[in-house]
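Worksheet: one structure, shown below.
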């Protein structure tokens, strides 16, 4: 029995901005409570109702910078003057305990995680069509034709990153997207490589 | 858009004898009526209630031998003086029409199909445990210890063929096995390679 068969899966859910990653992940929490959801570290202040270790690991800037220096983050980014990042140990401990963990993350962060965890299951959430993407961008506000074309071009560039992912899930309906993600996780657990060690142990026993 | 994205999947369901392939496939017909089920050709006589083209394609020995000569069968075998085989055109036509087709087949036949269709999705149905396999063999009849050991050894040898498959599905409960097979099919449809052509066409359009 190799340890690989007993390890949990690292599932990375990403996709272009505005595709609905957060909404899908929220519904997934209800539909798939057996999954562990990665908790990010941040330097921003807790909001009312937020709990340390549940919504975020709240850190001082000094603590966060020390985590960066000690390579304790799988990836991190700065946004509006605050740090956000994915603690490596929480992910590693969960997998080692045989539980599947899911990370909902921006495309840039996902590419960093892939460097560290090439064996992860990388799922790209896709808009249902180019027209849908265009109308979402148009409906955001009163923009010029040129700026709409620009934003569409940026979004399509982000979608190009799909080539680094294992799966694409079209977010046509949130429930359907969640079901597809759950199917992917089930299928990944059925992969030959995960079952082969058991078969090898049977062969030893029978010999 | 490449044709690959529009093609149906060839799903091959196999596994050691006695693992319950037929039972799982029957329930799958009820649970997944959207799948096409491959119809075998045979030289044996139709039984009462069997319809040509539904249960089997009934052929004379001459017709069957002609199919072999013209390479019209994906695989075939002789069993108790009768031929059984998988017509290639039925499989190829279904896939080309964008529909998924499932073949329930012995391990030897599955290996032949893999030579012709390496892109197929190969699913191996597994007994839940070595003990379960042993007790199934023991319960078959009044056999000597040596013949039980022999049969167990043959069964484990068949299970070794798992290494040529993509997925292993443990047949602990028929319903669960079917659900896992359906998840595998869903996941295969979400594979990046199948969606990438659409993304490429978006890029062309936006450019």
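Just so you know, glycine gets a Cβ as well, placed from its N, Cα and C.
Taken from TrEMBL, the feature ATP binding site applies to B:15, B:16, B:17, B:18, B:19, B:20, B:21, B:22. The domain 'Guanylate kinase-like' annotation in TrEMBL covers B:8-186.
Sequence-distant contacts of residue B:17 (ATP binding site), defined by Cβ-Cβ distance under 8 angstroms and a gap of at least six in the same chain, are B:106, B:155, B:158. Residue environment of residue B:20 (ATP binding site) contains 17 other Cβ atoms, counted within 10 Å of its Cβ in all protein chains. In the three-state DSSP assignment, the secondary structure recorded for residue B:21 (ATP binding site) is helix. Predicted-model confidence for the domain 'Guanylate kinase-like' (B:8-186) is 91, expressed as mean pLDDT. Neighbour counts of Cβ atoms within 10 Å were taken for the binding-site residues B:15, B:22; the minimum is at B:22. Most other Cβ atoms within 10 A: among the binding-site residues B:16, B:18, that distinction falls to B:16. Sequence-distant neighbours of residue B:19 (ATP binding site) (same chain, 6+ apart, CB under 8 A from its CB) are B:125, B:126, B:127, B:171. Of the chain residues outside the ATP site list B:15, B:16, B:17, B:18, B:19, B:20, B:21, B:22, B:125, B:171 have their Cβ within 8 Å of the site's Cβ mean position.
Sequence-distant contacts of residue B:21 (ATP binding site), defined as residues of its own chain at least six apart whose C-beta falls under 8 angstroms from its C-beta, comprise B:13, B:14, B:15, B:104, B:125.
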